[in-house]
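Let me begin by presenting the structure, written as structure tokens, before commenting on it.
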Ligand code: TXA
Ligand code: MG
């Protein structure tokens, strides 16, 4: 494949003004407007996939209505074709006009009302024979996943082009998700024509994926909206929500196909420490047992771990929001810039943001040390 020159185009999120039900934004900065138009035209006129920021992680966008565009996404990422993509819309108006001209199932109403735009993805019924959505997006399932992102750049791009975009995280398949434009560049330089750079993503982990079409409803992937928030806002029906298990064997049929693949893995081995107090004894023992005295090791700490002498100590933060915001950024920094041999990470409680964080860490980790 011949390499193309990947451009990074700056955009200012704060210069894009969108009210909750607006169809089009007001843009107060010339460069931002120009670059958004360049990106929108790329979606309209070519089959290329492009990088763009959302409030969760950077995404890799292509028209969800066009097979060739969706194929470009899979190709740039090197993503297995049986792992379906999320469709991103800019307004309910667009969802109805372009994708789904029916009543949205009632079970979703309170959640959409509260969490859209935002990091919540829902499944809607999809009839492959009549649907305008590319079958490469849905991997031939009878549902499609959709969300309305809150990030002004994401929403503006989708609104200006008036194209609902399929968008997985913009990392090379198996790598940690990107939360900065430079992460996308690192993984996909030469494979996509452009990246809109809107600064750091706020949430830092992907959207929550829920299935309200099955009974009881299911949490397919924990993410930016917590299980507790869904139960609280969703009402009675959502109190029974089932959390699907996080890993599956290669041969096992799974509800969320992405579950069976290697995920979020830096080049260096990740070791996850659960319930290890201030970390001192567990780290000491691990280093001794594996004869790592001369290795270059990073330690990503959060609530209870203390700095460990001789390691590259990094603080992820103490609140769930800080930890999710920093997690992928620090995993990439110690791996790609500092090129450590091993990454140790402190585990946290699986409540609130902790459920999504531990889901990602359990997938990233090659080894888990539990006390
Ligand atoms: O925050 C996010 O959701 C980011 C940003 C870019 O919006 N996108 C993202 O996409 O994380 P991706 O492709 O990395 O994850 C899509 C997830 C996978 O777990 C996939 O299996 C699930 O959504 N999914 C998509 N369509 C589905 C469907 N019809 N049924 C069940 N799961 C589905
Ligand atoms: Mg992903």
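Heads up, residue numbers simply count up from 1 along the chain you see.
Cβ atoms are placed via backbone N, Cα and C, with glycine included.
Noted in TrEMBL for the protein shown:
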- 56, 88, 147, 167, 207: L-threonine binding site (BINDING)
- 79, 83, 143, 169, 177, 221, 264: ATP binding site (BINDING)
- 34-225: domain 'YrdC-like' (DOMAIN)
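Cα separation, residue 79 (ATP binding site) to residue 207 (L-threonine binding site), rounded: 19 Å.
Annotation for the binding-site residues 88, 147, 167, 264: lowest Cβ count within 10 Å of the residue's own Cβ, 264. Ligand 1 lies under 6 Å from the Cβ of 56, 143, out of the binding-site residues 56, 79, 143, 177. A simple way to gauge crowding: the CB of residue 143 (ATP binding site) has 15 other CB atoms within 10 angstroms, across all the protein chains here. Annotation for residue 177 (ATP binding site): same-chain Cβ neighbours under 8 Å, separated by at least 6 residues, are 57, 58, 169, 170, 171, 205, 206, 264, 328. Model confidence over the domain 'YrdC-like' (34-225) is summarised by a mean pLDDT of 97. Cβ crowding, taken as the number of other Cβ atoms within 10 Å, peaks at 56 among the binding-site residues 56, 83. Highlighted here would be the binding-site residues (56, 88, 147) whose C-beta falls below 6 Å from ligand 2, but none qualifies. Closest by Cα distance to residue 56 (L-threonine binding site), from the binding-site residues 83, 143, 221, is 221. When Cα-Cα distances from residue 207 (L-threonine binding site) are compared across the binding-site residues 83, 143, 221, the shortest belongs to 221. Here the CA atom of residue 88 (L-threonine binding site) lies 15 Å from the CA atom of residue 143 (ATP binding site). When the alpha carbons of residue 167 (L-threonine binding site) and residue 221 (ATP binding site) are compared, the span between them is 16 angstrom. Cα-Cα distance from residue 147 (L-threonine binding site) to residue 221 (ATP binding site): 14 Å (rounded to the nearest whole number). Residue 88 (L-threonine binding site) is 17 Å away from residue 221 (ATP binding site) when you measure Cα to Cα. What surrounds the L-threonine site, by Cβ distance within 8 Å of the Cβ centroid and not counting 56, 88, 147, 167, 207, is the set 54, 59, 86, 119, 121, 149, 154, 206 from the same chain.
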